[in-house]
Amino acid sequence: MAEGYGSIPSTPLLKDELDIVIPTIRNLDFLEMWRPFFQPYHLIIVQDGDPSKTIKVPEGFDYELYNRNDINRILGPKASCISFKDSACRCFGYMISKKKYIFTIDDDCFVWVGDLGEAGIFAGFADLLLDVGIYLVAKDPSGKQINALEQHIKNLLAPSTPFFFNTLYDPFREGADFVRGYPFSLREGVTTAVSHGLWLNIPDYDAPTQLVKPHERNTRYVDAVLTVPKGTLFPMCGMNLAFNRELIGPAMYFGLMGDGQPIGRYDDMWAGWCTKVICDHLGLGVKTGLPYIWHSKASNPFVNLKKEYNGIFWQEELIPFFQSAVLSKDCTTVQKCYIELSKQVREKLGKIDPYFNKLADAMVTWIEAWDELNHSGAAAEKPNGPAK
Ligand SMILES: O=c1ccn([C@@H]2O[C@H](COP(=O)(O)OP(=O)(O)O[C@H]3O[C@@H](CO)[C@H](O)[C@H]3O)[C@@H](O)[C@H]2O)c(=O)[nH]1
Ligand SMILES: [Mn+2]
């Protein structure tokens, strides 16, 4: 039986306005550690791989589970835009959700606990503790109890400051403010669309970095939340991510990866680049920093290298593409922005590799499927797992 946990608000914030989306190929025992934080919320589990495999979900969670058969049944031919055998499948959860906010987390991510001082020893110790079901209280280095989901919600509910950098970081945080010289005309900030959390222990490194630094662990807890400035792209990781689905959901398409595709592990990156260009265009904010989660499993760097190798050289052309992407003033909705981007992908990236023509098509299919599920009010059939 697990003991001791982080601070759990008496009434969980956004309890009925937020879904937790988990892509998985494993049993979901990791939820035991998150139980005090996640139990009040509705989970959307996207089961990847063999749909005949049964995924065990711990008792007491309110969830719906979709496997590949469900995705094919609900989307029909449009299911072709949802990746198979890659964590990119998680974006189906964003589409099928009916809530205003989404938090997505990988199933090898845990509540961060303990003192950074012994992080090295701690890494093994924590895994041992997790294995025997003993969890320590989640605390930051100052000893303050932490709740990762609550931090994401605070990030999303407070404005962002993309137009002018505040050197004291998040000015809306308790105990901080705008510094001298910060224009008052900009102090209202803009609505926040994305909250990008980070990871202790196994960092989200690409395969080459993982190969040369197999034992490197992230032990640095930086107590800050930053707005990613307008005009600046960033590498969005899907491991510990929250966003306002009503504001930016249609842009959160985790691009075609995995089975049958020449690239993998760039799904979240693709979504992040498209999302940031659209947020900049629509005047929305993107934050990165707190909360941290404890990332416990390093995936195989050789397998990752095979998945990433095209992405590693394609991204040298993708980044200039997104940096110079301009959306017309007629692009007043996320869907219009996204369709406009898909046209530019076909026109400018199709010559790199035919994959980008396929991806441009999948971007359009994604928007069509999104609008079908979310505008017609079509009640999605309930798949496995207890009803809401
Ligand atoms: O084929 C698959 C593989 C995995 N999953 C689920 O996706 C997440 C992440 O899987 P895992 O932790 O094994 O992989 P990482 O290398 O640590 O993930 C990083 O790469 C990104 C992949 O795009 C990911 O966002 C990063 O965290 C787990 O929940 C697996 O169960 C899957 O659904 N299908
Ligand atoms: Mn992982």
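Placement of Cβ uses the backbone N, Cα and C atoms for every residue, glycine included.
Annotated N-linked glycosylation site per TrEMBL: Arg180, in sequence order. Under the three-state DSSP scheme, Arg180 (N-linked glycosylation site) falls in the coil class. Within 10 Å of the C-beta of Arg180 (N-linked glycosylation site) there are 5 other C-beta atoms, taking all protein chains into account.
Annotation source TrEMBL lists site 'Required for activity' at Arg180 (among others).
The site 'Required for activity' annotation in TrEMBL covers Arg187 (among others). DSSP assigns Arg187 (site 'Required for activity') to coil, not to a helix or a strand. Contacts of Arg187 (site 'Required for activity') defined by a Cβ separation under 8 A and a same-chain sequence distance of 6+ are given as Pro171, Phe178, in order along the sequence.
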